[in-house]
Amino acid sequence: MGCGILATYPQIAAIAGVQGLLVYGLSSSLPILLFGFFGPIIRKRCPEGFVLTEWARQRYGVVTGLYLSFFTIATMFLYMVGELSSLQMAITTLTGMDALPVMIVECVVTTIYTSWGGFHTSFVTDNIQGAMVFILLIVCSIAMGVNIDVDRSVVRESPLLHSSLLGWQLVYILPVAIATNDFFLSGFWLRTFASKTNKDLFIGTSIGTVVILIFLVVTGVTGLIATWTGLLDDGTDSSYAFFIVLLQLPNWVVGFVLVFIMLLSAAVFDSLQSAMVSSISNDVFRNQLRPIWARLIVVLVMIPTIVVALRAPNVLQIFLISDLISAAVVPSLMLGLWQRLYFISGVEVIVSGLGGILTVFIFGTIYLGSALEGAKLIILENGLYVDDWSAFGAFVAAPFGGLIFGAITLVIRLSVLKIYSMVTGAPFTALDKPVEAVSPFAHVDGPRDIEDSDRESENVERVEVKTDDWRSSKLGSLFFLQEPSTKTPL
């Protein structure tokens, strides 16, 4: 939780009211529980791994692993841009100073101590971040309660207390966007694989879910306060709501919060840097590159990160671009955990993701009336809070369109292989099970909990890969099951 949340959650509260804020808070916190469920499954399938891309490489092959790595690294880049952009917004609004020197200092300092301590350092800063969040929450709540006066008659008549069309649209959009995007964040997977036991992971994700929900909702309430007190004029960007309310407080509170904002931002930024180093080193160079060179690459990435952050129009839009891509890519990818869909290959996963993005373009072109507008919808140029169905349609088109493209590709691939088998007399092995997947989904009634799924999966019979299967060839290995990697994280 960096300073980006100080812009996005108050903004949604000021636009979509209490309904939008609660939906956003729940949609952001509940997906953390997914790591408590999927984490043990993927760790059992890929015990030598430490990020999702390693499992994808093992399950779908090299090409799909690199494909997922590209989107993972791109997502972390966008998150770093969003974090620096939010920091710039905070400093500029609260002090009127140029934020560029502070942004550069943050990049330099976090790079130095993560290079020295590795990703374990970010674990330490995460614990410190948790304490800072509670202190910030308590101080701001007390200060606003004492210094901000809200007319209750305005509150009773406010439309922000009622549901709206946008609020109901967000009930679908935000869970899909955030849940799928969390799978792209290598920092979450590093912590998932680093947990000592499945029980510890489940407890940690459960506690994290509650804490995150409380902090996000309380932070977002400042958007309601800014609206009810008249601090937000019609022409004011609602993403500045938190900072506008903060400026009404005593100077010592503003200074205190500003320091904590920079510390929170650094804690998030170092996690993104560590995750990017691990992804580049493991996914791209298979740990054949010395760690110092991987970190040098990340240092070079800091330059375009700062440049893009300075020119970024809106923090939320940065996150939305990543969300829409993940909504297209992740659904087909995660189908690989289901034992009965063992025949899905990397070809279907790649085509599904790209097809989902293409479906958004097709939908936008038809709905908005031009190819240019359809292209703009891919980057959600008009944002999420629009008075039509374009954003909603985009997040429907991305996952479902992608799955349709993937299904069509699967049918075509199986048909071609069947025809080839009939013509040449070669065995048709496309539907043969290469390995019985260890998955809780293999049981009709489903596991009672994560530990049950681990115990039950120990008795699952494994089948050796046939030597005459084309999937064991050099070409087939690019898109099908691989031997687990024995590499270790940085």
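Every residue gets a Cβ built from N, Cα and C, even glycine.
These features come from TrEMBL:
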type     : residues : note
TRANSMEM : 12-39    : transmembrane segment
TRANSMEM : 60-79    : transmembrane segment
TRANSMEM : 99-119   : transmembrane segment
TRANSMEM : 131-150  : transmembrane segment
TRANSMEM : 170-190  : transmembrane segment
TRANSMEM : 202-228  : transmembrane segment
TRANSMEM : 240-272  : transmembrane segment
TRANSMEM : 292-310  : transmembrane segment
TRANSMEM : 316-337  : transmembrane segment
TRANSMEM : 349-369  : transmembrane segment
TRANSMEM : 389-412  : transmembrane segment
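Ranking 60-79, 170-190, 202-228, 240-272 by CB pairs under 8 A with the transmembrane segment (316-337) puts 170-190 at the top.
Of the Cβ pairs linking the transmembrane segment (60-79) with the transmembrane segment (170-190) and spaced 6 or more residues apart, 3 or more are under 8 Å, so the two regions touch.
Of the two recorded stretches, the transmembrane segment (240-272) lies close to the transmembrane segment (202-228), with three or more CB pairs under 8 Å once pairs fewer than 6 apart in sequence are set aside. Contact between the transmembrane segment (99-119) and the transmembrane segment (202-228) is not supported: fewer than 3 Cβ pairs lie under 8 Å, counting only residues 6 or more apart in sequence.
Under 8 Å from some Cβ of the transmembrane segment (292-310) lie the Cβ atoms of residues 77, 80-82, 84-85, 88, 100, 103-104, 107, 111, 114-115, 273, 276-277, 280-281, 285, 490, all in the same chain and six or more residues away from its ends.
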